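A.B. asks: Sending over a structure as structure tokens; questions will come in a sec.
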Amino acid sequence: MVLDQKYNYIDNFIGAFIYCADHHRDPEIVRGYWARTAAITSLVSQFIKISGPSAQIISLGAGFDTLYWRLKESGHIFNKFVEFDFSSVTSKKIRLIQRSKNVNLSGYFSNPAVESQHSDLHCGDYHLIGADLRQIREFEQKLTTAELDNSQPTLIIAECLFVYMDLEHSYNLIKELTKYFETLALINYEQVNMNDNFSKVMLDNLNNREKLDPLDERELLEQLLEHYCLIFAFKDSTGKWEKLADLIVQ
């Protein structure tokens, strides 16, 4: 997705994962997505800057996100970047990584890629893992394959994930991660206020367009943003990483 004018967000990697026909999205949807991406990228970048090369990032329900490659392209250095999604999604993403022609996605990995079970990919600082996040025992087992260091600062990213899980599964997942890592931060971007008329119209429009159009009504964008929230949570059992508690969107 490429935005011009003052909404500068250029993704040099997304073309490897999706086919973009001439779809057209409403301007408030485009700007809402820009705000979401800019905010999360800002927090992740600050987390890595403070944590240094020991930083670990886990993206839950990552889909075909390109954040790993965008971070590497911009010079960020971290210990691990781990993506989780259903095996049906990760297996397809593996094929797309392997077949990419316009950009050498594998060239960004710190180690040669090793594929496992057709749904998992391990590449040193990048791990793509297929798992059902509702099955906590499966998640625990798969988490160990990424060889994460539970004593190092770890950031969890969950974008529009928990809305698709019931409360018990969401609670168990967060509880397991909180128990496993000594220093843990969470970025959660989620839908809220989804029972009014505007939310129904918003959902109906999510599959429309792509070009950046003039924003005719500022009120529409404000209504859209009122239906999403960005949460940052943090815990530190070591007392060494207090600065991570002060991250703000810049």
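Start at 1 and count along the chain as shown; that gives each residue its number.
Backbone N, Cα and C atoms are what each Cβ position is placed from, and that goes for glycine too.
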A.B. asks: Given that TrEMBL annotates Arg36, Asp132, Leu133, Glu159 as S-adenosyl-L-methionine-binding, name the residue from Gly15, Gly61, Gly107 that shares the site.
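C.D. replies: Looking through Gly15, Gly61, Gly107, the residue TrEMBL assigns to the S-adenosyl-L-methionine site is Gly61.
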A.B. asks: Just how many other Cβ atoms lie inside 10 Å of the Cβ on Gly61 (S-adenosyl-L-methionine binding site)?
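C.D. replies: For Gly61 (S-adenosyl-L-methionine binding site), the count of other Cβ atoms within 10 Å is 19.
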A.B. asks: To which of the binding-site residues Asp132, Glu159 does the lowest count of other Cβ atoms within 10 Å belong?
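C.D. replies: Counting other Cβ atoms within 10 Å of each of the binding-site residues Asp132, Glu159, the minimum falls on Asp132.
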A.B. asks: Give me the largest Cα to Cα distance among Arg36, Gly61, Asp132, Leu133, Glu159, the residues the record lists as binding S-adenosyl-L-methionine, in Å as a whole number.
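C.D. replies: So the binding residues stretch over 25 Å, Cα to Cα.
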